[in-house]
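Data block below; observations after.
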Amino acid sequence: MEAANASMLLPDLTGLTTRNSGFCLDINRITSYGFLFKNGHNPLSYSFTLLILQLSVAPFFILLTHLLLRPLGTPLMIAQIIGGIILGPSVMGHIDNFGKTMFPMRSILVLDTIATIGTIYFHFLIGLQMDGSMILKAGRREVLIGISCVMVPLLLSTASSVIVKNYSNVDFSVRNSLFFVGGAESMVSFPVIASVLAELKLLNTGFGRIALSSTMISGLISFSSVTFIMVLKMTGAETASLLQSLLAGGALLALVVFTRMFVMWNIKRVPEGHGVHHELLSFIILAVLVTALFSKYVGQSILIGPFLLGMALPAGPPIGSELVKRLDFFVTWIIMPFFFVMHGLEMDLTQLKLKNIVGVEAVILVSILGRFFATTIASLYCNMGVKDALSVGLTVNVQGVLELSLFKMLRDAEIIDNNSFLIMSLSMIFITGAVAPIIKVLYNSKKYSVQRRTIQHLAPNTELRMLVCIQNQDNVPAAIHLLKASNPTRNSQIRVYLLHIVELVGRATPLFMAHKKNQRPTSTQGVSGRIVNVFNRYEENNIETISVKSYTAVSPFDAMHIDVCSMALNKKICLIIIPFHKQLDSTTKLFTQNVGFKAVNKEIINKASCSVGVILDRGLLGGFRFVFASWLSYHVSVLFIGGADDREALAYSARMSQHPSISFTLVRVVMSNDIPDYFDERLLDDEAFGDTRQSMAGNDQFVYMEEFVKDRPGFLSLIQSMANDYQLLMVGKTQEPNLLCAIGIGEWNDDEPTELGIVGDMIASDLGGKATLLVMQQQRLKRRHPKDEKTK
């Protein structure tokens with residue numbers, strides 16, 4: 001550039017292959033006039049225009065890489081790193097003028113600044129989503145596994161680095177880096193492991209919970225070790241300098257504590273049910289940068305302050321979830337791609353030497369194998385199953401963005417050389433990219449029950465075990481009234497397992513909590529405590545016929561069904577009750593309060609080890625006003641078409657009909673013509689009818705009706721005629737396809753059926769009136785007839 005232009009000489013900031021070179025930057029060339037306003041003008045010679053292009057290209061390549069690698073089970077963060085490498089000199093850099101056009105040296109200062117800001121907020125979000133209380137709650141098993149997966153690989157890698165250093169011909173710079181390579185590879189990152197488990201939908205599995213608790217402990221050890229090494233490196237182990245660093249660290253902690261106190265004071269002033277003020281969110285977002293600046297000022301890494309601030313703030317609602325909601329997408333997909341691009345620009349694989357690769361990989365391999373075997377053996381010693389122990393051993397070897405930041409920090413501090421940095425980065429990509437799919441294949445969370453767990457096959461005068469899932473307080477009245485209608489008696493008691501399922505927001509670790517009896521709800525329990533209290537009071541009023549055990553599960557939507565299905569399998573549940581994902585508004589119209597529960601319900605229906613009932617509450621069973629009333633009077637009807645699910649609905653309604661205050665009407669749809677391939681199922685249907693009618697002998701409140709249906713209009717007319725005569729309508733989720741086709745309702749509309757099924761959707765529409773709807777699905781055994789496996 002010409003000397004007349006205002007310019008500046010950039011110092012060594014980037015760690016690129018040209019890191020020792022300088023260049024001039026015209027600080028006035030920021031905004032372009034565009035192609036149209038200046039002939040022969042190149043807009044990319046201006047900083048802002050070039051930044052907009054980079055903002056478009058970097059996320060696009062990373063997203064494209066993720067889409068291409070997702071079928072292989074590659075985690076998102078690995079795809080992001082590979083996308084950054086593709087944009088670097090190793091791949092796209094070989095295209096003529098691509099690097100000079102897209103990432104010229106004059107743009108590095110802007111890129112590096114944005115990448116640094118992205119890394120700052122990324123580490124803040126990591127700390128924010130961590131639950132530090134897990135360390136205090138960890139048991140002997142978690143402590144043993146957590147210490148083993150750090151200390152054993154550290155000892156082995158240290159020994160291997162000494163051997164490689166003395167008996168190999170690696171470069172001198174690599175030889176001096178080997179000890180620190182082994183130390184860095186021995187570190188374990190809790191946030192990265194939590195992210196991968198969440199992406200693989202394994203957060204809620206048994207081994208997933210143990211891995212999270214264990215790596216929280218090992219992560220604390222790793223974080224402390226890295227900080228200590230960096231302090232020693234910068235101070236030279238001098239006493240005065242060490243004391244100064246301790247005082248500086250104390251000042252940083254004091255700043256973080258003061259910020260937390262101020263935030264907590266403001267949160268307490270927010271009325272219940274209201275969101276936090278925008279001013280408080282803005283203060284926290286600004287405080288992240290202040291703590292980063294202060295960290296650098298006191299001689300620490302710029303990332304330590306934001307990370308500690310994130311850990312200091314409460315995870316989850318109201319503040320944690322709101323911050324994650326506002327920052328996560330912007331940081332992950334807009335700013336962090338520049339971090340991966342900068343990393344890719346720094347990786348020139350042509351600089352690697354085979355002898356260095358062999359030496360460094362030997363140390364890395366010893367560390368990885370040492371961690372795997374140490375963790376697996378420790379898990380087996382703690383009485384974990386072989387499959388779970390192997391899964392934990394593989395999981396703790398997952399690496400990601402935090403390790404990448406550590407590698408760059410060590411390289412920039414000249415603790416390791418550039419060749420070691422490149423080899424460690426490539427090793428991380430290959431290992432995590434291979435381990436994650438293996439974990440997914442090894443741990444198949446879908447388990448089957450080999451025993452009949454249905455109401456139809458439940459022996460008389462036997463305890464009925466029910467798992468009642470609650471999404472919010474509005475689901476409570478219908479659940480309580482359904483339990484009343486289920487006719488619990490001294491000879492046939494009902495054991496209820498209450499599970500309040502809550503979306504995991506603003507934190508990385510799922511929660512599964514058992515509620516104790518006669519315990520006042522704390523402020524942290526909130527809605528869960530109030531729901532549990534209602535069920536506990538109902539139990540107290542019916543102590544001889546009902547027992548209730550209450551739990552709360554906080555997990556992401558895509559893993560929520562694991563909590564439900566695992567509890568159903570372990571507790572030998574006979575029937576799961578789940579609320580329909582739509583509720584009534586003030587105008588009695590259905591609306592979707594949270595679309596995530598629709599997917600959760602479908603997963604539960606498809607994977608449950610017992611029968612499932614989906615309830616759509618329209619209020620006719622009674623609201624909160626009559627929850628504790630000892631009397632009830634319901635008129636229940638079953639619409640029976642044919643099939644296993646209809647038989648389960650019939651069996652459940654037959655149990656209800658034994659209650660003296662319940663009137664029961666059984667409506668059987670009869671076809672006017674022969675139905676092909678229905679003979680075997682018809683025998684089962686007739687047998688179920690015979691048993692029900694025999695048990696109803698002498699019951700004056702039982703009515704049996706047969707309705708002949710020829711076509712679709714006739715069936716719709718039947719539903720309309722039943723719309724307002726009953727408080728509770730029951731139907732099976734799936735009927736025999738030939739039966740539905742015979743009356744022209746093989747498809748209700750062009751949309752995919754909901755968790756209510758075709759007939760259930762019809763009743764849930766305006767045709768069904770105001771009756772509460774209960775849709776039943778009978779348990780699907782693994783080796784059942786294929787017809788019974790058809791669930792949408």
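Yeah, the Cβs are placed from backbone N, Cα and C, and that goes for glycine too.
Here the transmembrane segment (46-69) has long-range neighbours at 29-32, 76, 78-80, 82-84, 86-87, 102-104, 106-107, 110-111, 333-334, 337-338, 340-341, 433, meaning same-chain residues at least 6 beyond its ends whose C-beta is under 8 angstroms from one of its own. Summarising the annotation, TrEMBL assigns transmembrane segment to 46-69 (among others).
Marked as domain 'Cation/H+ exchanger transmembrane' by TrEMBL: 62-438.
According to TrEMBL, the transmembrane segment annotation covers 76-95 (among others).
For the transmembrane segment (107-130), the list of distant contacts is 10, 13-14, 16, 25, 47, 50-51, 54, 190-191, 194, 216, 288-289, 292, 302-303, 306-313, 315, 320, 323-324, 327-328, 331-332, 335-336, 338-339, 341-342, 345, 401-402, 405, 506-509: same-chain residues at least six beyond its ends, Cβ to Cβ under 8 Å. What TrEMBL records for 107-130 (among others) is transmembrane segment.
Among residues of the same chain six or more beyond the transmembrane segment (142-164), those with a C-beta under 8 A of the stretch's C-beta atoms are 170, 178-179, 181-183, 185-188, 210, 213-218, 221-222, 359, 362-364, 366-368, 370-371, 373-375, 377-379, 381-382, 392, 396. Marked as transmembrane segment by TrEMBL: 142-164 (among others).
Residues or ranges marked as transmembrane segment by TrEMBL: 176-198 (among others).
According to TrEMBL, the transmembrane segment annotation covers 210-230 (among others).
Feature annotation from TrEMBL assigns transmembrane segment to 242-263 (among others).
Look at TrEMBL and you will find 275-295 (among others) tagged as transmembrane segment.
The annotation transmembrane segment is assigned in TrEMBL to 301-320 (among others).
Residues or ranges marked as transmembrane segment by TrEMBL: 327-345 (among others). With a cut-off of 8 Å between Cβ atoms, the residues of this chain six or more beyond the transmembrane segment (327-345) that come close are 14, 16, 54-55, 58-59, 62-63, 80-81, 83-90, 103, 108, 111-112, 114-115, 117-119, 121-122, 124-125, 285, 401, 404, 408, 425.
Residues or ranges marked as transmembrane segment in TrEMBL: 357-382 (among others). For the transmembrane segment (357-382), the list of distant contacts is 140-141, 144-145, 148-149, 152-157, 159-161, 164, 168, 170, 174-175, 177-178, 181-182, 185-186, 188, 210, 214, 388-390, 392-394, 396-397, 419-420, 423-424, 427, 431: same-chain residues at least six beyond its ends, Cβ to Cβ under 8 Å.
Taken from TrEMBL, the feature transmembrane segment applies to 421-443 (among others).
The domain 'Cation/H(+) antiporter central' feature in TrEMBL is assigned to 495-623.
Summarising the annotation, TrEMBL assigns domain 'Cation/H(+) antiporter C-terminal' to 634-779. Across the domain 'Cation/H(+) antiporter C-terminal' (634-779), the prediction's mean pLDDT works out to 81.
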Range from 76-95, 275-295, 301-320 with most C-beta pairs under 8 A to the transmembrane segment (176-198): 76-95
Residue numbers, six or more beyond the limits of the transmembrane segment (301-320), whose CB comes under 8 Å of its CB atoms: 116, 119-121, 123-132, 227, 230, 252-253, 255-257, 259-260, 263-264, 267, 270, 275-276, 280-281, 284, 287-288, 291-295, 405, 409, 505-508, 554
Intrachain residues whose Cβ lies under 8 Å of the transmembrane segment (76-95), provided they are six or more past its termini: 17, 57-58, 61-66, 68-70, 102-103, 192, 195-196, 199, 336-337, 339-350, 400-401, 404, 425, 428-429, 432-433, 436
Sequence-remote partners of the transmembrane segment (421-443) [C-beta within less than 8 Å, at least six residues beyond its ends]: 69, 72-75, 77-78, 81-82, 181, 184-185, 196, 199-200, 202, 205, 207, 343, 347-349, 351-352, 356-357, 360-361, 364, 368, 387-388, 390-391, 394-395, 397-400, 403-404, 407-408, 410-411
For the domain 'Cation/H(+) antiporter C-terminal' (634-779), residues assigned helix / strand / coil by DSSP: 59 helix, 36 strand, 51 coil
